[in-house]
Structures are given as structure tokens and as C-alpha cells.
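Structure record follows, encoded as C-alpha cells.
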Amino acid sequence: MNEVSVIKEGWLHKRGEYIKTWRPRYFLLKSDGSFIGYKERPEAPDQTLPPLNNFSVAECQLMKTERPRPNTFVIRCLQWTTVIERTFHVDSPDEREEWMRAIQMVANSLKQRGPGEDAMDYKCGSPSDSSTSEMMEVAVNKARAKVTMNDFDYLKLLGKGTFGKVILVREKATGRYYAMKILRKEVIIAKDEVAHTVTESRVLQNTRHPFLTALKYAFQTHDRLCFVMEYANGGELFFHLSRERVFTEDRARFYGAEIVSALEYLHSRDVVYRDIKLENLMLDKDGHIKITDFGLCKEGISDGATMKTFCGTPEYLAPEVLEDNDYGRAVDWWGLGVVMYEMMCGRLPFYNQDHERLFELILMEEIRFPRTLGPEAKSLLAGLLKKDPKQRLGGGPSDAKEVMEHRFFLSINWQDVVQKKLLPPFKPQVTSEVDTRYFDDEFTAQSITITPPDRYDSLDPLELDQRTHFPQFSYSASIRE
């Protein structure tokens, strides 16, 4: 067991992920890859004071830029299948070089340790991400045959964003249908500024839960990263709610219970999902919930390595996320509160087109309920949408149990939930696996344009050079089935 030591420490200015202000943080970079930020300089490196920022530099990509401030550097990596960034600046070019060299050295040493050694549970991102080792293990495809683009028929476009697209595909060998998320490498790699790139996929290898989308394969082409995931064709919950405007409390209770069951499973494995929102909640063909990771940045990335525009759905952000403080499992209970409020009230709990005003509402505004809402539902939502994560329902040490024991869920048998014994309140009227009536025809009506598959199997040396940014980015579920 290697002893963890502090490699470098000092003051950095960290840019808020959402409220784009710069905050001074005292950071410790440790030999195990952890990169921990405090409001004040800690008296001792091993002190128990909780940090405000806690993530890992293992297998990250480093970039430097002079925007939006001189001497800025960016740490970028994949969180599940979504690109995330953290931005810092220092006072001088020399100081920036020192930090980048130190981070690079730690990342390299972790990479060289090899499987089974200390600190090989590659983690990245925020505090919640940094404990996702079980679901983000290094994936090396030892399957008998390598998966390529040629192995699939491309049927319909399901979604599209700045980073890439999600396509309904059919695996030729088995006839099975999947959703393939295709990310363009050029938006993940800032070509001339890469000091170190993501070198292995962090994938949802070990998820085994009825309400979580499973990953079947991950592979790459010369210019794409591809994730082949379970396909749920009942459509987004967002699609159904926008049609019906509001769900009955019973219907919301059913969906809420399945989401709680999935979150309990993730939290028991020290994984915080972080992104509960209607668009990430799908229905399968029978009407059960499937939490997906199809997230595509809809608002885009402007030019420059660090110019990340607001990407994501700000209406769902918890107060502690906005304040850029360390956050844990309670962030998921806030997300549950927002989606259940939408289901039962027909609108978001906090909304304003102006992001700054919206953030103010999330941080300060008291929650309001329609008169038609029952007392148990009001009590549940008020508990889930408490501003202080420590006071929030589910924010205590018993986590999901607190939520499960709330009187709103009194009629729910949780064993029956996980065993799918409860009858879904709505069964999607799909006629076949390729029936996409519950997907937005803005996408499904479009023709699919991807580079012809044969292009991927005859890479020239220049194209192979780009592949070296993502060595061993491959995975097949069959190796553990």
C-alpha cells in the first residue's frame, strides 16, 4: 500500500462551473490523484475539515489558455460519457507551468502503476464523480472480436447536440437494437493544446439495476468515440409530461419510487448521479423508468479551449452546486425533488430565462405549491427541495431510506419496486423496437449522416496519430456476462 503524500500545494483561482466568478481556493495535489480545494489554508494536510472542491486528476487532459484570464489552465475529462471541465488561473506563467507539470507527473505515475495497484480506480470530476470507481473502471476490451462501426445498421437519429449525436442502431450479428452515442473527438481534444489526453474510457461497466441504462460496448474510430447503450423506446418522461401537462400523484409516485430505487443502488456504490432531470428519464417498452446517460450539450462550446458556454439544464442545479461547494449524495435528492415537482405541478419549481435571476431563485426563493397538491406530496417536495443539503430529505446518513420512509411512499413495497412487480400506470403504445413515436420528430425525421463505415477500417498514419489520444478505449459487456 503506497502512502499518499502531498505533491504540490498552494492558492489557485477556480472558476465556478455555473456562476462564472473566480473563487480563491487553497489546493492540495496528492500522489493518489486527488486534487482538493479549501476556502482557507488547512493547518495540516490530513486535517478532517471538509474541502469545498474534491476531484481527481487521474487520466485527465490538461490545456493552457490566456482566456478568459492570463495564466489560465483547464482540466478536462469524461464524466461517464459526458465531457466536463474545471478552470483555474494563477498569477504567472511560471506558476502555471509548475502546477501543470505536477499534475502531469501525478497523472503519468497513476497511469504507469498498472491494474490492481493502488489508485487505479480512475476517477475524475467533482467530489461526487471522484468516488465512482466501480462504475468507471478502466475498460480494456478483451472480447474475441473488436467492435467497429461496420457491426451496426444505422436506423434513426434520436438526439443531436454539439458533442455529437445519439442514433438508434441494430447490431447485425444479433439483430438487437441499441442507442449509440457518438462523440466527436475534436471537441474533446483541443488539438494543439493537449498536454495529456483522456487515455482510457470511463464507462458504466458494472451497473446491474433494472432502472439504469446498461452500456454494451465502447469503441473508437479515427475521429469518434462510440458508446453503445441499452435502448428504451418508450420515450423521454419529458415528452409524455409535455403532452399531458401534469401527472396524477399516483403516477408520479410510481416513477418517483423507481428513481429512488436506482439512486439507492448508485449511492450504495458511492456513486452520485448528479444529473437527474426529465430528459435523462426514459420509459422502456413496458412503461418502467430507465435513467440514461444520453446527455448531449445542447448549448454548445464556443471557440477556445476554455470557453465553455453554459451547458446543461440550469433549472435542475442544486444550491450547493451553484455555490461551488463540495456536494455529495443530497444533490440527487434535490434533482428528484425538481422532477417530481414538475410531474405533480406541471412546471419547474424555479424558472427564469435569465440565468443569473434563475440562480438567485434557486438559492433564495421559497418553494410554492398549487392548492390542488395533497399534503403528503407537499411535504415530500418541501423536504427534497430544502436549500441546505444537510437539512434535505435524504441528506442524512441513512440517505435513500429517509426518502423511502416518507409518508408519500407509504403504500410502496420497495422489494416489489426493484423486482418490477408494480404495474406501470402507462404502457407506451409501441408496435416494434424501431417505433420511435415517442421521440422528437425534429430528430427522427432527419436523415442520418455519418462517415461511411469503411473509412474507419483503413486509417492512414495521420488518423492513427489521433487515435493515440485514446489508447485502449474499448469495452464489451460480453466479457463479464
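A Cβ is built for glycine as well, from the same backbone N, Cα and C atoms used for every other residue.
The active site, proton acceptor annotation in Swiss-Prot covers ASP275. Swiss-Prot lists ASN280, ASP293 with the feature Mn(2+) binding site, giving similarity to another entry as the kind of evidence. Feature annotation from Swiss-Prot assigns disulfide bond to CYS60-CYS77, CYS297-CYS311. Taken from Swiss-Prot, the feature domain 'Protein kinase' applies to 152-409. Look at Swiss-Prot and you will find SER128, SER131, THR306, THR313, SER474 tagged as O-linked glycosylation site, backed by similarity to another entry. Annotation comment: Swiss-Prot describes MET1 as N-acetylmethionine. According to Swiss-Prot, the phosphoserine annotation covers SER34, SER126, SER447, SER474, SER478.
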Query - All-chain count of other Cβ atoms within 10 Å of THR313 (O-linked glycosylation site) - result: 17
Report task. State the Cα to Cα distance, in Å, between ASP275 (active site, proton acceptor) and THR313 (O-linked glycosylation site), rounded to an integer. Result -> 9
Report summary line: Per DSSP (helix/strand/coil reduction), ASN280 (Mn(2+) binding site) sits in helix
Report summary line: Among SER34, ASN280, THR313, i.e. the recorded positions, the one with its Cα nearest that of CYS60 (disulfide bond) is SER34
Report summary line: Students should find that the Cβ of CYS60 (disulfide bond) has, within 10 Å, a number of other Cβ atoms equal to 30
Requested in this report: Reduce the DSSP letter at SER34 (phosphoserine) to three states and note it down.
Outcome: strand
